[in-house]
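Engineer: Right, I'll just put the structure down here and ask away after.
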Amino acid sequence: MICHLSLLVFFNLFVSQCHGGCAEVDSMTEAVAGEGFLLGCISCKKREEVSARATVDWHFKPLGVEDFKPIFHYEHPNANIMDEDFSNRLEWHGTKNNDIQIGAIYIHNVTFNETGTFRCTIHRTLFLRQYNENVTVEKEVELTVVAVANRELTSVIAEIMMYVLIVVLQLWLIGVLIYCYKKISEEYEARETHKALKAQAVLAKDNCDGVQLE
């Protein structure tokens, strides 16, 4: 029973890694000046089977400024940079079809002037059976540009815990496999011993019957 449960757990872990769906993950918020940075923006549909069409707009508000300005627009397959400050520095890294769920863009050669708030707006039209439904989703990223990357303590701890968990799971799996192997071996030996005793009993009975006949 334990062996079956262990194999089932292992199978579920394997399947969960192989079959990934849409997951709304927050964007990173710290960029290094002079390097590239991915501005994340994910909006998952509640029902994957419903077809949809979406466009994405990105706006930017520098630190200390009140109003947002449009910087990027995407409507598959066309991408338009709408601000000269980002000319030739923005690249679409989102969904490559009309049914957009990932609206991420990549900034090349980040400058300190990019410190501020980025707003991602996804305009989605859901094509339902009886009518079309329009949905607007907004997500904001508070970006900080630094000269040198700062590795947060939480990320270090999370990485260490991840490796520890992997090692523990591997040791646990090895232990379970050894236990199952021993269990199967003991059951096999018990069956063979039972067969041998049964054969001896039959042979002894035959010998007794032969003696009586004589």
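For all residues, glycine too, the Cβ spot is worked out from N, Cα and C.
According to TrEMBL, the feature signal peptide maps to 1-20. Sequence annotations record features per position, and here TrEMBL assigns domain 'Immunoglobulin V-set' to 28-145. The transmembrane segment annotation in TrEMBL covers 160-181.
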Engineer: Any idea what the model's mean pLDDT is for the domain 'Immunoglobulin V-set' (28-145)?
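Structural biologist: Looking only at the domain 'Immunoglobulin V-set' (28-145), pLDDT averages out to 96.
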Engineer: Can you tell me how the residues of the domain 'Immunoglobulin V-set' (28-145) break down into helix, strand and coil by DSSP?
Structural biologist: 6 helix, 62 strand, 50 coil
